[in-house]
Amino acid sequence: MQTSQNNTISDGSRRFCDQPMQYQESNCWPPIQNVDVGSQGTHPSAETFDQYRTIESSSETSAYPVHNSPSTASFSPNESLVSQPASQSYPSDLQDSSENTSGSSATESYVTHKLRELETAMLGPDSDNLDMYNMSAISGPYQIISEAEKWKFLVEMMSRGDLKEALCTCAQAIANSDMFTVEWLMSELRQMVSVTGEPIQRLGAYMLEGLVARLASSGSSIYKALRCKEPAGADLLSYMHLLYEVCPYFKFGYMSANGAIADAMKDESRVHIIDFQIAQGSQWVTLIQALAAQPGGPPRIRITGIDDSTSAYARGGGLDIVGKRLLKLAESYNVPFEFHSAGVSTSEIQLENLGIQPGEAVAVNFALTLHHLPDESVGTQNHRDRILRLVKTLSPKVVTLVEQESNTNTAPFVARFVETLNYYLAIFESIDVILPREYKERINVEQHCLAREVVNIIACEGAERVERHELLGKWRSRFEMAGFKPYPLSSFVNSTIKTLLENYSEKYTLEERDGALYLGWMNRPLVASCAWR
């Protein structure tokens, strides 16, 4: 895994948050050093994205009421994570937390009360190097150093104003059940984050939300509430579609997959594409156009769209909406087209759901979906490998994979927190290049499409944690175990993607390695695309 560029400070110490693989192995408070926030992108003129101005915020999902409590974070579109400047606890005023690792009943009651306040504010009254992430050596870090030394370290850390370092330290304190430290750090962090600020401040708001939700066991509820809702109006783009436009690695991952499918199907008269997460079907617009223009006329295309009922919220309706949109598009290009809907969760897919017909050339598309499937680390049923074995029985001509290049599946909490911080910070930094910070559409994109993932990764465990990313090396092992062999990507499509990337920013990167395409921001790969047969 490639992480952010290593940084050093004057004493040459390596910085904690940029190196998730390395941790202190002593039983004392880990000496977390400063972390470089990273460079910022430039902003284009406001006209660049005037086409998105009509997207309106959803009043019931884009704003949270403000509570006048120093321990209650509240979110609003204008200055999220609103913090009330009430008096703060100073370290010397706090009791010895070594005597309260589990918390006294009074402290537990206070913390629980404040966290429940936050949950109500957010939701309303109805509210494979994974083994290298071994964090067992730093459990119970307060048994050696004194409380005075610990608080001196904390005060000095906060005086540096390094938000990444403070967030990582708060996660470390949660992992060690030091609730006095957690509460003090959270009150400080609330004054450092904002959804209208720098990328690290905006991401920090959602990382902090995830930490609070972890303590309140409300992460699953927040994840369900922050769905990528499509704004009212038939012609308006969804937040997710806008995210794909401003973050080209997602869109170009789709383009790479389409190139592999078009190449595999160039001589076929009947094509059956099975999309394991059809969403709004936007990936297939360019492929239908490309197949319509091929020599000898277009093939007969049938698309099986798989998506569970919860995604209807993001589409504004069921799978029939996707079928009608694609049918209308195909008719405009004189392409024979048929849509087959499979409204079922991917983990529950069986052969009979796929509508296989004889004489069809099958292409299977896994775009940003396999990481939602639980594997052997979650329960007795390994749905990731089961689905791949099922697909192999179809004898597909090509299987495409597009996945986030991140490692959050089986990593322990603190390592997962650091990985999430570094990964999503790169995304938030890249958004700054395209969408000016004052655009409320940017807030909606980050809140509904990115914050929900961040909260789920940080706050949830077990079956409730559905955002479980793996590095391409792990996916490659799974495909090979299922009997697949690599399918070469289109060099023409890859060169086209490289040219198009130059229209965004020189900080976007594209690398072809071991038969896969890695798209990223600066030196951090964010999305990997490859194909199999």
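Here the Cβ of each residue, glycine as well, is placed from N, Cα and C on the backbone.
As recorded in TrEMBL, the features of this protein are as follows:
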COMPBIAS  36-45  compositional bias 'Polar residues'
COMPBIAS  54-110  compositional bias 'Polar residues'
REGION    161-221  region 'Leucine repeat I (LRI)'
REGION    240-305  region 'VHIID'
MOTIF     271-275  motif 'VHIID'
REGION    321-353  region 'Leucine repeat II (LRII)'
Please list, for the motif 'VHIID' (271-275), how many residues fall into helix, strand and coil according to DSSP. 0 helix, 5 strand, 0 coil
When DSSP states are grouped into helix, strand and coil, how many residues of the region 'Leucine repeat II (LRII)' (321-353) land in each? 18 helix, 6 strand, 9 coil
With helix taken as DSSP H, G or I, strand as E or B and everything else coil, how many residues of the region 'Leucine repeat I (LRI)' (161-221) land in each class? 45 helix, 0 strand, 16 coil
